[in-house]
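The structure appears right after this line, and notes come after that.
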Amino acid sequence: MVTFPVIRPRRLRKNKLIRDLVAETELSEKDLILPIFIKESINEPEPISSMPGINRYPLNDKLINYVETSYENGIRSVILFGIPSYKDDIASSAYDKNGVIQRAVRMIKDSFGDKIIVITDECTDEYTSHGHCGLVRYKDSTYIIDNDESLKIHAKIALSQAEAGADIIAPSSMMDGVVGEIRKALDEAGFYETLIMSYSVKYASALYGPFREAAYSKPAFGDRRGYQMDPRNAFEALKEAKLDIEEGADILMVKPAHTYLDVIRLVKTNFPEYPLAAYHVSGEYSMIKAAAINGWIDERTVVLEITTAIKRAGADFIITYYANEIARWIKEGVPF
Ligand code: PBG
């Protein structure tokens, strides 16, 4: 006697053990990269008002303690953003041997060695008075971001970060040819083991707002729509990813993450042999945080659900300001 229906998907959801057995996606603390803001001119951690729970860290033991705590939580990778004590038109504090990032990398490497992967964001926006991701050339009453001149500066910054000991350089400028130029500079100097994780598919997103407050990197004029991708485009992501692969990128990235799950899936499906990072950006963090502070959502379950969704879409790992909390929550057991 056959009872209808024969196929019952609910059998696979019967209890937690069965659900865990058949789960397609598993989030691990090894998948998480923690962003850290480091500010040259402070001695104590400084809260960032647009990102509750996140601080800027000074170049001292407070930074080391934070990395240590994160390490104990299971975090094995950090990506560093510098807030320098001086800015100019050519981002010279970004390639200064004793610049904020160079010192931060050396400090972390001196304390942790190969226990922690140190990634450096490679860009000019935090280091220039104009706040753009390349060099600005003024022409008549207007200005342009000079792509090819910018490449030389980006290569210089990348090289100085590698010299300081960074394991992975993450160019985030969206300048055409930047990955190739950096690869060439690193190889010529013997840094052929230094990886490049390219912000291959980076959209011109309003979701970077809190970050720009955190890093004082809002453009002084204009916007980034002339170099970052148009949110209306998905397939163009394949062109950007392909170029970065040809230029020597080891790891690709899609950014933002939660809002661009379709793009993550598209890039992973087309280039499955390349590790793919996704950046759950500041605005995505702050929106959840604001709702959580108001008691409107269950922060832990929402964050785990969104982060799992980013992985399910095709990301191999996730850059997230929630890295420490997620690592702790995973240990408590995921609520699915
Ligand atoms: C550029 C950079 C930005 C972010 C990461 N790298 C800012 C921008 O493109 O304006 C934003 C990350 C976030 O919002 O969390 N250095």
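These residue numbers are counts, starting from 1, taken along the chain as shown.
A Cβ is built for glycine as well, from the same backbone N, Cα and C atoms used for every other residue.
Under a cutoff of 8 A between CB atoms, and with a sequence separation of 6+ in the same chain, the neighbours of K202 (active site, schiff-base intermediate with substrate) are S172, M174, Q228, M229, M253, K255. For K202 (among others), the entry in TrEMBL reads active site, schiff-base intermediate with substrate.
Of all Cβ atoms in the shown protein chains, 25 besides its own fall within 10 Å of the Cβ of K255 (active site, schiff-base intermediate with substrate). The active site, schiff-base intermediate with substrate annotation in TrEMBL covers K255 (among others).
Positions annotated as 5-aminolevulinate 1 binding site by TrEMBL: R212, R224. Taking a C-beta cut-off of under 8 angstroms and a sequence separation of 6 or more, R212 (5-aminolevulinate 1 binding site) has the following same-chain neighbours: K218.
Cβ neighbours of E240 (Mg(2+) binding site) (same chain, under 8 Å, six or more residues apart in sequence): S200, V201, M229. Look at TrEMBL and you will find E240 tagged as Mg(2+) binding site.
According to TrEMBL, the feature 5-aminolevulinate 2 binding site maps to S282, Y321. Under the three-state DSSP scheme, S282 (5-aminolevulinate 2 binding site) falls in the helix class.
Within the same chain, residues at least 6 positions away in sequence whose Cβ sits under 8 Å from that of R224 (5-aminolevulinate 1 binding site) are H132, C133, M174, A204. DSSP assigns K255 (active site, schiff-base intermediate with substrate) to a strand in the three-state reduction. Ligand 1 lies under 6 Å from the Cβ of the following recorded positions, listed in sequence order from K202, K255, S282, Y321: S282.
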